[in-house]
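Structure, as structure tokens:
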Amino acid sequence: MPEDMARPLIRDRGEAGGSRHLEASMSDAPVVGIVGTGDFSRSLARRLVSSGYQVVVGSRNPKRSAALFPEEAEVTSQMEAAGQADLVFVAVFPEHHSTLLELKPSLAGKTLVDVSNSLRINPDGPSNAEQLADLFPESDVVKGFNTISAWALQRGPRDGSRQIFLCSNSSKAKSSVMQLCRRLGFIPVDMGLLSSSLEIENLPLYLFPSWRTPILCTLFLFIFFYLYNFLRDVLQPYVTARKSVFYKMPIEMVNVTLPSVALVMLALVYLPGLCAAFLQLWSGTKYNRFPGWLDRWLSSRKQFGLCSFLCAAMHAIYSLSLPMRKSARFKLLLAVKQMKEGDEVWVNEEVWRMELYVSAGIMALGLLSLLAVTSLPSVANSVNWREFSFIQSTVGYCALSMATVHTLLYGWGRAFDPAQYRFMMPPTFALVLVLPSVALLGRLALFMPCVARRLAQIRRGSEKSRHIRFRLPDDDCRNGLEDVSNV
């Protein structure tokens with residue numbers, strides 16, 4: 001026991017003539033080579049070693065790079081690494097691929113995995129993997145592991161994406177890399193031939209392609225409603241009565257603008273489904289393609305909903321901060337000083353309005369939070385399609401209804417007060433209610449038995465242009481009513 005305690009935990013890297021060798025207990029494990037000593041190479045080596053592989057790292061300067069890699073990995077020259085392994089990861093920048101030509105005899109007949117990425121999106125090609133295949137025609141090139149970061153690779157599949165996209169002209173080489181992916185704990189996705197490598201290389205370079213329209217729409221709505229509220233609530237008192245209320249701009253104006261954006265964005269989540277349903281009813285078939293703008297709108301509904309949730313959550317935080325402002329305290333003290341004996345303090349109508357619209361807002365935010373959580377891939381994968389559809393459709397419309405009720409209670413009787421139409425502009429909540437009202441009325445129209453039954457028939461293959469007698473079982477009518485807006 002004392003001898004074991006005296007033994008160093010980390011062996012001297014200079015032993016055995018300055019070269020590290022693989023453990024004898026791992027002699028029967030598969031040998032994987034890595035050419036390159038960058039961050040990705042180090043993370044890949046650690047992951048391969050922890051998964052039971054023998055790892056040989058090829059470096060131009062093995063002595064300098066040896067300390068960066070796990071003790072179980074052997075760091076040697078590029079020529080020796082290429083000769084020992086049958087599967088080699090090429091982890092060097094694509095502009096340096098030509099420096100590996102001296103390894104061509106050693107890499108002949110072996111599998112090369114290209115993990116490189118381009119600096120910018122390459123729409124025309126050729127891809128880095130195709131150029132590597134041209135340099136090493138006697139090797140089987142597989143494109144993969146370029147869509148995963150070094151951090152996610154080192155930490156394992158519990159952090160980051162589990163999918164790894166692969167493509168190659170050699171089915172045998174691709175199968176061996178897919179087996180390696182599964183052993184590392186990732187999910188390989190077969191993208192076909194090496195011609196798909198350009199698409200795989202461009203994937204990490206896209207900057208939120210599906211978020212562009214929702215974010216721009218959110219910014220546009222925020223700017224529009226903020227300027228609209230500024231004209232009505234700040235500029236109008238200053239122009240007409242020389243009353244300066246510019247202090248409202250940082251918090252109060254933003255707090256009025258955020259719920260307006262949130263409700264409109266939530267309505268935009270469900271309007272494309274209604275448009276698609278009515279297009280199917282009008283055409284009488286489900287086989288006609290939707291217009292391009294509607295296709296893009298349908299595919300962006302998740303992003304629209306998350307932007308709506310962000311604005312609603314920020315509105316809740318801003319609302320909680322309203323009593324903490326100095327201006328709110330000064331206004332409260334001023335109101336107390338101006339109060340005369342006999343004035344009515346308790347206004348029953350205002351009390352009820354406040355209680356009801358705050359309660360409706362809390363319920364709307366709770367339902368919207370449920371929708372946001374369900375949209376997460378980890379949660380969505382744990383429920384079946386019927387459960388997911390129920391939450392996103394039925395619960396979603398409940399959230400839209402509660403948010404609409406929240407806005408109506410906030411407005412109360414102000415829509416009929418002429419003093420609220422400043423600069424001949426209607427109150428903000430009156431504009432906000434247009435799209436949600438259209439969405440809710442459209443949903444009610446699809447609930448009509450005749451409309452719901454016809455839509456269910458179309459979605460089960462019935463076509464208006466063909467003389468086919470089509471009849472739904474009676475039990476399916478209810479199912480059709482539950483999913484009429486999901487296309």
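Glycine is treated like the rest: Cβ placed from N, Cα and C.
Not measured: the values here are computed from a predicted model.
Copied over from TrEMBL, here are the features:
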REGION    1-23  region 'Disordered'
DOMAIN    32-117  domain 'Pyrroline-5-carboxylate reductase catalytic N-terminal'
TRANSMEM  205-228  transmembrane segment
DOMAIN    260-400  domain 'Ferric oxidoreductase'
TRANSMEM  261-283  transmembrane segment
TRANSMEM  304-324  transmembrane segment
TRANSMEM  356-376  transmembrane segment
TRANSMEM  388-409  transmembrane segment
TRANSMEM  429-452  transmembrane segment
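Residues of the same chain lying 6 or more positions beyond the ends of the transmembrane segment (205-228) and with a Cβ under 8 Å from any Cβ of it are 117-118, 120-121, 253-254, 256-258, 260-261, 264-265, 268, 296, 299-300, 303-304, 306-307, 311, 425, 428, 431-432. Counted over residue pairs 6 or more apart, the CB atoms of the transmembrane segment (429-452) and the transmembrane segment (261-283) come under 8 Å in at least three pairs, which marks the two as touching. Per DSSP, the domain 'Pyrroline-5-carboxylate reductase catalytic N-terminal' (32-117) is made up of 40 helix, 22 strand, 24 coil.
Across the domain 'Ferric oxidoreductase' (260-400), the prediction's mean pLDDT works out to 91.
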